[in-house]
Amino acid sequence: MEVTDIMTTLRQRRGGRPAEAAEEQPSEEKNVKPDGKIQSDHTGGKLWNILSLTVGGIVAVCLGLLTSVYVATLHENDLWFSNIKEVEREISFRTECGLYYSYYKQMVQAASIQQGLHGLVYDNKTESVRTINILERMNVYQEVFLSILYRILPIQQYLEPVYFYIYTLFGLQAVYVIALYVTSWLLSGTWLSGLLAAFWYITNRIDTTRVEFTIPLRENWALPFFAVQIAAITYLLRTHLQPAHERLTLLAVFIATLLFSLTWQFNQFMMLIQALVLFILDCFDMLPTAKVTWLYIIQVSGLLLVCVLQFFNSMILGSLLISFNASVLIARTIQKNLKKGGLLNRLGKLFLHVLFVSCLTLLVNKLIKKILNLESDEHIFKFLKAKFGFGATRDFDANLYLCEEAFGLLPLNTFSRLSDTLLFYVYIFVLFPMTVAAAIVAFRNLSGSTKVGKFVEKMEDWTIALKPGAAYNLIHTVLFGCLALSTMRMKYLWTSHMCVFASFGLCSTEVWGLILKCVRLYTSQRTCVIRYSLPIITLLYISYKFWPGIMDELSELREFYDPDTVELMNWIKSNTPNTAVFAGSMQLLAGVKLCTGRILTNHPHYEDKNLRERTKQIYQIYAKRSPEDVYKILRSFGTDYVILEDSICYERRHSRGCRLRDLLDIANGHIMDGLGENEPDLKPSLYPRFCEEIKKNLPSYTVHFTRVFQNKTFHVYKLAKHK
């Protein structure tokens, strides 16, 4: 028997009505007139609900639009985007952002939509001496769709392509905030909760989004759809949904899942965590099994449809998510009596179920990868293995991730910033009782007892506080919190949901009722006063403390300034042929492609084994290698020009052992530069560092490389074409 059934049974025995019926419903109390007639308040309650929905909806839309305007203004003020040259605008799209935007630009500038699509499907400019399918390798359907939309709409005379692009991304922030607002509203039953969630999202902007300075990043496209999906799942898990509403909600979940999967290459890992959330809750009977099954199917079908759209991208077929969901559904079919028996019996079955699903997942995944010969995501698992202490590694790709701050642990100062807005304090305050409630409900469901005893009656209040939607969001925030704590780059998935969860708890009748009953101060009037007064006080505090800072931010004007990179891009456009092939760092080459349209040897989209091996070879320009070796490597990729950066050659940003030149030395078996320890088997190189020695213009270097451009940051060398 599921928790909702037990709860309803207990309610009926004690003469009460189910708690779910109280949610978002008008009062059902009846007034008895002196003449004995009963007058219902149903009409008045219905009008109040309509008014509340209208006002709450208007507030949600207004907050979403204000957030869009806010981040757009910050972006403009930071770069003076409207006043700088086109090349400066494009350079502002740093690293992989520039690569993704370049495909939008390519589609807009193509002679026709058909030619633009052909150029993406048969691309020979992104990786020299190779023709690749961009639509298969990268998640750029959003750029394709946006470029087609720009071409067919009559807006070319009024709006530049770059503004159409960035305004779309800023507009998606409105969708994001509205989705967070609605999720909190659904959980708490009051739109005041959504208002607080939106306020927290905005005032904690540093930790909830980075859209204003990394606009084309895949997560900025994907996270709004992920938030919509969570809102739809929260609504789906409500009890007593009408069949038509349930079908529409499942469709909304599917569309949001599809769009999320289509716009971000890391979708499979995020949805795997989501699948684990569903698996945990299903194991403890906290969610309806039929709805969980539908969500598993939607995840897999959405991902498989994306696989088809990406020309059967093998990395998707080999994802752990597909293997896990298939394994869960198979295990369910085999272990039919999983949810029957006493506590010890259930625990034993549960242990075997988890073990069976885990082993089957690994087996299925291994089998798929073996059949399809997949190695696209092996660098991620090498990184995870090294990160969590399962052995040190000299693997260049794994160390490249390990040494980046974004892939390190979440810094402690994050919590101090979140505490300044009271968000973190409220989050912990809500998380504790909800976790206790989840533990009690799990124990109760596993024990399988429906007897009404004193202990069971006391636990009923904990059960009521944990409705299916709240249970889902609880485990969701816990698992994504663990992800954020282990990998800083993923904090944006957690902090935005933290706003939802904290605001829900502060405005929840069930949570406050539970807390007040624990301290024996419960009355319905006191609960009502607290659930409205505390959020209002919190909103007033946030407004008072952070409004001046927001106004200062909006009035602070800066300007884009990177003259060395601008000079380099202008030189490349003016002094090299359109077919020239450039080698250099991944980050810089993305900008070269966007600003100049020249052919690249490598780029920052790292989800391909051949590209990772190619990048490691290209990066030998920063290692201790002979000029002959470097020349042969570069020419093997058709390189005409190589760009050396002083910021990499003489890097000081990372400590010893994490500088790019150190990673290359370790991978090559060479002793690192500078004072400090080296592993015993590392040996001195026979050659000096290439990027330093080439600047001395020695004959052994000039015979292969001729310097054709230099400024304070960059040095460009043309490769000789020996017969």
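Glycine too: its Cβ is placed from the backbone N, Cα and C atoms.
Because TrEMBL annotations are produced automatically, they should be read as predictions rather than curated entries.
These features come from TrEMBL:
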type     : residues : note
REGION   : 1-40     : region 'Disordered'
COMPBIAS : 1-10     : compositional bias 'Polar residues'
COMPBIAS : 27-40    : compositional bias 'Basic and acidic residues'
TRANSMEM : 50-72    : transmembrane segment
TRANSMEM : 185-202  : transmembrane segment
TRANSMEM : 222-241  : transmembrane segment
TRANSMEM : 247-264  : transmembrane segment
TRANSMEM : 276-297  : transmembrane segment
TRANSMEM : 303-330  : transmembrane segment
TRANSMEM : 350-368  : transmembrane segment
TRANSMEM : 422-443  : transmembrane segment
TRANSMEM : 464-486  : transmembrane segment
TRANSMEM : 492-516  : transmembrane segment
TRANSMEM : 528-547  : transmembrane segment
At an 8 Å Cβ cut-off, counting only pairs 6 or more apart in sequence, do the transmembrane segment (350-368) and the transmembrane segment (303-330) clear the bar of 3 or more pairs?
yes
Cβ pairs under 8 Å with the transmembrane segment (303-330): which stretch of 222-241, 276-297, 422-443 has the most?
276-297
Interface check, the transmembrane segment (464-486) with the transmembrane segment (528-547), three or more C-beta pairs under 8 A:
no
Are there residues at least 6 beyond the ends of the transmembrane segment (222-241) whose Cβ is under 8 Å from a Cβ of it, and what are they?
4, 18, 20-21, 23, 172-173, 175-176, 179-180, 182-183, 186-187, 209, 249-250, 252-253, 256-257, 259-260, 263-264, 267, 270, 287-288, 291, 295, 467-469, 472-473, 476, 492-493, 496-497
Beyond the flanks of the transmembrane segment (50-72) by 6 or more, those residues with Cβ under 8 Å of it:
166-167, 170-171, 173-178, 181-182, 185, 191, 194-195, 198, 201-202, 205, 209, 211-212, 550, 554
